[in-house]
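Asks: Here it is, the structure in full.
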Amino acid sequence: MNSDVRSKAVYWTTVIYFFIGIVEVIAELFAYKPLIYVFKPLLPFTLMAIYFLASERRSWLYFVIMTLSLLTNLLFIPSTITTLNYGLEVFLIHRVFIIIYLILLLKIRDFIPTIIATIPFLIVFFYLFMVTEVPESSFLLLIMQNLMISIFCGIAFSHYIMNDSKRNSWLLLSGILFGSLQFIVFVEKFYLSEYSPIIFRPIAMGLNVFAFYTFYEFVISTEKSDDNASSVN
């Protein structure tokens, strides 16, 4: 596929991705389950298609991460404790893979800046955890979730502060959006589980759409910068 055709394919697939995102946000606002079951899994699937078209490397780790995201999206649709716990388990595995992928992409050797940047996020998320009545079955899973998202945000902020590059700007945006998503979902599912406002779901879905897209942009920017560095060397 030549570069012009590939660029157009990436562009139109991206348009389709955001169209699906808009439909899904509206479906969440009106809690229309038939549309949600169709469009929610399509988001990670479409993003995988964009990555397949745009990337020269086509890393298997990216496809694993997005497949786990697809499964998580499906499991979070029903509002039952059982599916929520299954969703949290799959989401935890997803987070572990995404942290591993970040470490490999960024070639992290010095973890001290990441640890320092992670501490404020740990304080925020664990404070929210401590003041919330959490079901015993979800206790350990949520502790691990808070740890994983704090590490993700710590990596994003520490790398942006140390090197304000294009790829790190995308990673910072992704970290902010994923952190906000974690906060919104936690408040909706646990802190205000008895009377959570309906607006939380479309907000969470909007954050989800942009968080994964900015993460995709970070991955592509990193791959391109590595390829350019290799060609120079």
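Note: Cβ is positioned from N, Cα and C throughout, glycine not excepted.
Caution: TrEMBL annotation is automatic and unverified by curators.
As the structure is a computational prediction, the values presented were derived from the model and not from experiment.
Below are the features I grabbed from TrEMBL:
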TRANSMEM  9-30  transmembrane segment
TRANSMEM  36-53  transmembrane segment
TRANSMEM  60-78  transmembrane segment
TRANSMEM  84-104  transmembrane segment
TRANSMEM  111-132  transmembrane segment
TRANSMEM  138-158  transmembrane segment
TRANSMEM  170-192  transmembrane segment
TRANSMEM  198-216  transmembrane segment
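Looking at the shown structure, what environment does each listed feature sit in?
Replies: Same-chain residues lying 6 or more positions outside the transmembrane segment (36-53) and placing a CB less than 8 Å from one of its CB atoms are 1, 6, 9-10, 13-14, 16-17, 20-21, 23-24, 27-28, 62-63, 66-67, 69-70, 73-74, 77, 205, 208-209, 212-213, 216, 219-220.
Outside the transmembrane segment (60-78) by six or more residues, the chain places 33, 36-37, 40-41, 43-45, 47-48, 51, 84, 86-87, 90-91, 93-94, 97-98, 100-101, 104, 212, 219 with a CB less than 8 A from a CB of the stretch.
Long-range neighbours of the transmembrane segment (138-158) within the same chain, counting only residues 6 or more positions beyond its ends whose Cβ lies under 8 Å from a Cβ of the stretch, are 81, 84-85, 88-89, 91-92, 95-96, 98-99, 102-103, 106, 108, 113-119, 121-122, 125-126, 129, 168, 171-172, 174-176, 178-179, 182, 186, 190.
Note on the transmembrane segment (170-192): residues 84, 102, 121, 125, 128-129, 131-135, 138, 142, 145-146, 149, 152-153, 155-157, 159-160, 200-201, 203-204, 207-208, 210-211, 214-215, 217-218, 221 of its chain, located 6 or more positions outside it, place their CB under 8 angstroms from a CB of the stretch.
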Asks: So which residues does the transmembrane segment (9-30) touch in its own chain, when a touch means Cβ under 8 Å and the partner is 6 or more beyond its ends?
Replies: 1, 36, 39-40, 42-43, 46-47, 49-50, 53-54, 198-199, 201-202, 204-206, 209, 213
Asks: Would you kindly list the residues that approach the transmembrane segment (198-216) from elsewhere in its chain, counting only those six or more residues past its ends and only Cβ-Cβ distances under 8 Å?
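Replies: Apart from its flanks, the transmembrane segment (198-216) reaches 17-18, 21, 24-26, 28-29, 31, 40, 43-44, 47, 50-51, 66, 69, 98, 170-171, 173-174, 177-178, 180-181, 184-185, 187-188, 192.
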